[in-house]
Ligand code: SF4
């Protein structure tokens, strides 16, 4: 029997999860540092029309339709389907159907039982897998990083580039690790963790960085929670957000329609588990939080970084030393019609929205329903599940009846009131407690005032008719 | 794409706001339009106009800043949505450069893909430039040297080297990438053989 006794003189340097993903996708690295990465999955939605126009202008073909998947989500109506009343909205949905048909790309269209928000459908179908590079012409593509895939949003010119070449040029970002250890209190979850770190580091706090989330509070999250956490990475400026694949990841993926099966799955799972950052791998930036310091938060301003614990008061711009920050706060409070010093829990709301790629998965709906069961909402609101399959499951669990009994509308799946492109909008001047990701001016409709928070906190706001702490409402329920 | 050369003593418009996200740069409802008609009219629409269409008096609509080529803003310009239409709106309005202390990642690369220079300066320099441009001082941009000239001062700015080269030459990524087609094909074949799980299982 022969045994190799050669030992390499140099052991490979320890690598992070991100390094491993980057290295395994680099086709060419130029002297100037730009790297051509191979793209494993490319997701499209109605907004891809500019990219298809560029393709047409060049007379180019799609390189890998087998790795390209399209979903109708941004413009689809959430009731009265499949009819679309608004002509310009129907044109957007039809244009996607036309472009994907011409190029042989699979579409989960309005009539498909698997239709839903692209960042919900990818994971749900097992199209999103660990170890991949995943892109989409949408900034919340960071969501997919929950599986340990390098997933990031791109612009229309880049979408055209990926369609034509199945690659993308990138400069290697810096690596940041955000650790959250410990056990957050009941009723406190991934949304609170995300808004807490963004409030601390700022809306550009992670700019130029690939984020890896770690720590026991993160590994303790379900896949749904990890998806929420990674989804919001972009709101802190991150290039992407990721969680290393583990047993939770693998259990979620087993049996998903487009995921490998049988022996191929086991082989894949072994490869996926090896992606975790090496123990002594170095990060350019490290930040940590204690799970116990995470409490339910709400936003009060017009940037996701404008977040505070629910028991805090509206900030006072006159007490902020940095003039640029003070000017932002003043401007935000004017738009939000809030008075400095007023307790947040006294702010009355006009409506609620539960949905979007941040918080519309089954677990989000269960969390909201746990608060709403047997109670009524004091304000109107919409619930739009993240996918048609989530809708189906929620109905099997009777969650739809809880929402309807509380006085909320149970709708079909799509981006809906997150961005209002389909006409689901918050009327001007109204204040909405929302599970979405952006409280930008006019985001949910012209003059709409958005407060971001978790699904449980939106449910609490609905019951109270004002911003409210969910924790007392959960007593004896979870 | 048109190469970016110098801008000499051009009008620069101050926008003294932080976190100007791409939803502000172009509200979602305008993005259904094809580009051909021009996106300039949509730029910062809801910030500039009241619901009845009257101007809110932003510098952008002040005749003193007509023909501006440079926009000066505060931190985190172009954060948020990946919509490239935000860049179309700036470019179609006439801008060739935005100066700010930081930019949204995706916005900045979209900008470069459309010949718009995202020039990073520190916060103090941004504040000085906001003041000087509001007072009507013109601005010169030298991309090769990475400097901004304004009111007798020369301010350095940062821009990724690769982006600088791309802007100076007016390069298009797609042509460059197509020269690597064979390498990409070989890479894809090897990857599929080594990690068969990386391909979607086709359910027909
Ligand atoms: S739900 Fe909102 S944030 Fe998510 S993809 Fe749709 S529009 Fe974008």
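Here the Cβ of each residue, glycine as well, is placed from N, Cα and C on the backbone.
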(request) Figure out which of A:357, A:432 sits with A:415, A:418 in the [4Fe-4S] cluster site per TrEMBL. (result) A:357
(request) Have a look at the binding-site residues (A:357, A:415, A:418) and report the one with the fewest Cβ neighbours inside 10 Å. (result) A:357
(request) Compute the centroid of the Cβ atoms of A:357, A:415, A:418, then list the same-chain residues not in that set whose Cβ lies within 8 Å of it, in sequence order, for the [4Fe-4S] cluster site. (result) A:73, A:74, A:117, A:119, A:140, A:355, A:356, A:358, A:360, A:414, A:416, A:419, A:436, A:437
(request) Please classify the secondary structure at residue A:418 ([4Fe-4S] cluster binding site) using three-state DSSP. (result) helix
